[in-house]
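**Student:** Sequence annotations record features per position, and here Swiss-Prot assigns region 'Domain I' to 1-64. If you look up Swiss-Prot, you'll see 65-143 marked as region 'Domain II'. What Swiss-Prot records for 144-148 is region 'Flexible linker', and it gives sequence analysis as the kind of evidence. The region 'Domain III' feature in Swiss-Prot is assigned to 149-199; the stated evidence is sequence analysis.
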Amino acid sequence: MIALLTGKLAYKSPEFIILDVNGVGYQVHIPFSTYYTLPAEGGALSLQIHTSVKEDAINLYGFRTQQEKELFQLLIGVSGVGPKLATGILSNSEPSELADSLVNGNLARLSAIPGIGKKTAERLVLELKEKMKKLGLAQPQAGGATAPAKQEIRDDVLSALINLGYKEAVVQKALAELKVTEDATVELVLKQALKILMK
């Protein structure tokens, strides 16, 4: 099993990256918490990897920290939660916020995440509440890239939220309520948009 990859970032998007390791390109699925810490394309990158093996496919999931990887593995250990949904959960909630929701049994917060119904939320709390108390979670570090143009930020957030399962019209309405400042980042605008969508 592949557990760690180190190489050059050949391509990045909010859903996956391509990591060039000695001339071999690995497609690695990532959550937003990892996307926001990525260097510019061409930069050096090391990712903690979870390898998902199925009969017809092998998929790689990458994380900047071991803690994120452990949280991902705890999530997919819950019945009904596969790698895609686990990635979506991490994309919609910072690790510390997710842990807080699980420990405190915040079903409303969990159920607001696309793909999670009340029963799945209850199952997550039941199976992970005690494990979350034992797992130390760090806030994801913000990347050091320069701020992109306002429209580019809106486009990135729109694309990311649509890929998470939100309808374009709903996302556009949420973005219309936001004021994107000169120093805004994709991460900041995404968090603000998610707060509006989860009301």
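Even glycines carry a Cβ here, placed using N, Cα and C.
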**Student:** Per DSSP, what is the helix/strand/coil residue tally across the region 'Domain II' (65-143)?
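**Tutor:** Helix, strand, coil within the region 'Domain II' (65-143): 52 helix, 0 strand, 27 coil.
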**Student:** Note the mean pLDDT of the region 'Flexible linker' (144-148), expressed as a whole number.
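**Tutor:** Across the region 'Flexible linker' (144-148), the average pLDDT comes out at 43.
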**Student:** What does the DSSP secondary structure composition of the region 'Domain I' (1-64) look like, as residue counts for helix, strand and coil?
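**Tutor:** Here the numbers are 4 helix, 37 strand, 23 coil.
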